[in-house]
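Sequence annotations record features per position, and here Swiss-Prot assigns active site, proton acceptor to Glu181 based on similarity to another entry. Residues annotated as active site, schiff-base intermediate with dihydroxyacetone-P in Swiss-Prot: Lys218.
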Amino acid sequence: MMTLEPNQEQLKKMKSHPGFIAALDQSGGSTPGALADYGIEPNTYSGDDQMFALVHQMRTRIMTSPGFTGDRILAAILFEDTMNREVDGEPTANYLWQNKQIVPILKVDKGLAQEKDGSQLMKPIPQLDSLLMKAKKKGIFGTKMRSFIKHANPAGIEAIVDQQFELAQQIIAAGLVPIIEPEVDIHCSEKAQAEALLKQAMLKHLNQLPKGQWVMLKLTLPEQDNLYSNCIEHANVLRVVALSGGYSQAEANERLSRNHGVIASFSRALTEGLTAQQTDAEFNTMLDESIEKIYQASIT
């Protein structure tokens with residue numbers, strides 16, 4: 001089978017343009033919380049259809065906001081439901097790239113399995129191949145998949161990294177660039193040890209990748225500044241991006257600015273303070289200020 005290639009124009013932007021990634025990919029499980037933060041309480045809507053319609057309105061408001069452009073934002077991570085919908089009458093991925101010069105990325109995982117060896121692997125993704133084909137047709141550049149590390153257990157961390165890189169091969173073959181996201185719990189009591197084990201396991205896999213195969217890494221901001229510099233410099237790594245992981249926007253930005261070459265891929269820290277009740281002017285101003293702060297922290 002011929003391996004498909006990623007979109008070269010988007011690859012070039014992801015590789016060399018300053019900026020960060022907006023994570024707009026809360027899925028079924030985290031949507032009620034995201035809506036509540038936005039000022040829409042669960043008792044004001046009923047059923048998944050209404051919930052997803054409301055969250056799409058919220059995301060549309062973000063994506064169409066004047067400050068939300070490719071000047072400071074490299075890419076946006078979308079939930080599958082968002083990819084299947086439209087923004088301003090255009091399919092979401094097209095809208096982002098054609099109108100905003102923002103690279104579209106799709107969250108592909110189906111959530112986390114039960115904890116084993118101090119980690120949570122991803123649940124199986126049975127229809128991954130057909131989802132990747134659909135994403136490629138819709139103009140998606142890359143994917144994102146998250147697993148979760150709670151303790152510094154070598155067996156658990158190795159299992160997480162093995163699974164991530166195995167699925168990454170399937171994604172690369174479909175002509176997409178995978179974001180590998182082995183999140184380390186910010187409340188982990190042995191966080192620094194877990195991060196050292198994670199780095200070791202990732203470098204082992206990265207060193208086995210053939211020339212020209214790209215991956216991105218999405219990681220918790222580490223206890224030791226610049227811990228992941230070897231990963232940033234690795235020939236197969238397009239970008240190393242950081243999740244906010246429950247840190248406030250101020251703390252996430254502060255930690256990010258100390259990690260040179262790492263850029264943000266924030267979700268909660270990006271939308272902090274935005275509400276449905278704000279006027280468009282208030283909403284756009286607050287979003288623009290958040291984008292600027294995260295952008296500045298990303299270019300250090």
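Any Cβ shown, glycine's included, is placed from N, Cα and C.
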Mapped DSSP class for Lys218 (active site, schiff-base intermediate with dihydroxyacetone-P), helix or strand or coil: strand
Cα separation, Glu181 (active site, proton acceptor) to Lys218 (active site, schiff-base intermediate with dihydroxyacetone-P) (Å, whole number): 5
Helix, strand or coil at Glu181 (active site, proton acceptor) [DSSP, three-state]: strand
